[in-house]
């Protein structure tokens, strides 16, 4: 202080210089480094087929079940959850603030702030990423994040205005808001066909990949590899016994002999994408409880995994299937890792061609990619899927191993997240 006082007596120029030094050294954050963020529980519902076993439940109810299951698995009081983010794409007809409905339905305090995230198919993962950022910065210390979708309950709509002579045309919001490239006015499946052509990926390769996805999913269920991540869903039917759904529904509904014979859906001439080698319309929800490492110590909770890195990327809208190949290198660079350091890859199977394209572009080992199947065989509730693949990695990895999940989204985007099992 005597030195500063002496400097201040030497005139205005030195006084200004001292003020600049003080300003530069001033800190506006409680910690100079980011908090470490850990996953302490990771839960999902079974995935229901379109108009299938879970179709009587709205997305918000499925979200409540996943959130409640995750908090119970974490073994913490609900009051400890300071905020919640959930991904949800097809919100038409769900009512105000879907995440708020899901959170209050799970029994969390009325004071819990809630936000719904819509990044199309990457919504569930983006919710986890944004919650992680909140925790890293110290804005909160315990959060819930995930994704939910009930494609079975998405309504049809018609334009407002006078009814014209000849009637009105109803639009399916699944197609309009979830599966259409608004820039090129084409279905996501046509974008997938464009990718297949660009990278010379054949119908036969896609069919083989789809068969492998179904085979892997069946083997994983039979070996109990999904058991720790799935919470049963009880369906109450008036006048009948309750129905308990414990397993994914979609992977059982396949006839392998029909796959090579199916007609292409989006491009009749020289097309490659069929109903079998694309993902299906589905219902489900997934949630994780995230907290800072300090909060985990305070609550005496043993983490499953830590959030190591995450990133987004964007390309031309028609090339959305390729976008993960641009997000993944960002994640690896941020984490200081190489591809060889990754034990398991999850690349969301929106279409078989998506995974095949990213394996080719990133030169990944196919034996490490979606080793327990993916959306082609398990199903693709679009707001849930990004969270589901993170949930699966949190359980499937062994201690010390790294897993990298990536998912493309309509509009030319992708999100990717790296976790390390603890």
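Note: Cβ is positioned from N, Cα and C throughout, glycine not excepted.
Swiss-Prot lists 121 with the feature active site, acyl-thioester intermediate, giving similarity to another entry as the kind of evidence. Under 8 Å, Cβ to Cβ, and six or more positions away along its own chain, residue 121 (active site, acyl-thioester intermediate) finds 89, 348, 350, 380, 382, 383, 385, 386, 407, 408, 409, 410. A strand conformation is recorded for residue 121 (active site, acyl-thioester intermediate) in the three-state DSSP classification.
In the three-state DSSP reading, residue 408 (active site, proton donor/acceptor) counts as strand. Swiss-Prot lists 408 with the feature active site, proton donor/acceptor.
The CoA binding site annotation in Swiss-Prot covers 214, 253, 254, 255, 258, 279. DSSP gives residue 214 (CoA binding site) a helix state. The Cβ of residue 214 (CoA binding site) has 251, 254, 256, 373, 376, 377 as same-chain neighbours under 8 Å, each 6 or more residues away in sequence.
Feature annotation from Swiss-Prot assigns K(+) binding site to 214, 275, 276, 278, 376; the stated evidence is similarity to another entry.
Taken from Swiss-Prot, the feature N6-succinyllysine covers 61 (among others). Secondary structure at residue 61 (N6-succinyllysine), taken from DSSP and collapsed to helix, strand or coil, is helix.
Feature annotation from Swiss-Prot assigns N6-acetyllysine to 61 (among others). Its Cβ taken as reference, residue 61 (N6-succinyllysine) is surrounded by 21 other Cβ atoms within 10 Å in the chains shown.
Residues or ranges marked as N6-succinyllysine by Swiss-Prot on the basis of similarity to another entry: 73 (among others). Around residue 73 (N6-succinyllysine), the C-beta neighbours below 8 angstroms that are at least 6 residues distant in the chain are 41, 42, 43, 289.
The annotation N6-acetyllysine is assigned in Swiss-Prot to 169 (among others) on the grounds of similarity to another entry. For residue 169 (N6-acetyllysine), the same-chain residues lying six or more positions away in sequence with a CB closer than 8 A to its CB are 158. According to its DSSP assignment, residue 169 (N6-acetyllysine) is coil.
Sequence annotations record features per position, and here Swiss-Prot assigns N6-acetyllysine to 185 (among others) based on similarity to another entry. Note: residue 185 (N6-acetyllysine) has no non-local neighbours, i.e. no same-chain residues 6+ apart with C-beta under 8 A of its own C-beta.
The N6-succinyllysine feature in Swiss-Prot is assigned to 218 (among others); the stated evidence is similarity to another entry. The 10 Å shell around the Cβ of residue 218 (N6-succinyllysine) contains 16 further Cβ atoms across the protein chains shown.
In the three-state DSSP scheme, residue 240 (N6-succinyllysine) is classed as coil. As annotated by Swiss-Prot, N6-succinyllysine applies to 240 (among others), with the evidence given as similarity to another entry.
Close to residue 240 (N6-succinyllysine) in the fold, though at least 6 residues off in sequence, lies no residue with a CB less than 8 Å from its CB. The annotation N6-acetyllysine is assigned in Swiss-Prot to 240 (among others).
Over all protein chains present, the Cβ of residue 246 (N6-acetyllysine) has 12 other Cβ atoms lying within 10 Å. A coil conformation is recorded for residue 246 (N6-acetyllysine) in the three-state DSSP classification, outside any helix or strand. Annotated N6-acetyllysine per Swiss-Prot: 246 (among others), in sequence order.
Marked as N6-acetyllysine by Swiss-Prot: 252 (among others). Counting every protein chain shown, 13 other Cβ atoms lie within 10 Å of the Cβ of residue 252 (N6-acetyllysine). DSSP assigns residue 252 (N6-acetyllysine) to a helix in the three-state reduction.
Sequence annotations record features per position, and here Swiss-Prot assigns N6-succinyllysine to 263 (among others). Residue 263 (N6-succinyllysine) has a Cβ environment of 8 other Cβ atoms inside 10 Å. Following the DSSP three-state reduction, the secondary structure of residue 263 (N6-succinyllysine) is coil.
In sequence order, no residues are near residue 333 (N6-acetyllysine), counting only same-chain partners six or more apart with C-beta under 8 A. When secondary structure is read from DSSP and collapsed to three states, residue 333 (N6-acetyllysine) falls in the helix class. As annotated by Swiss-Prot, N6-acetyllysine applies to 333 (among others).
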Select the closest residue to residue 275 (K(+) binding site) from the following recorded positions, measuring between CA atoms: 252, 253, 255, 263. 263
Neighbour count (Cβ, 10 Å) for residue 258 (CoA binding site): 11
Fewest C-beta neighbours within 10 angstroms among the recorded positions 254, 275, 408 belongs to 275
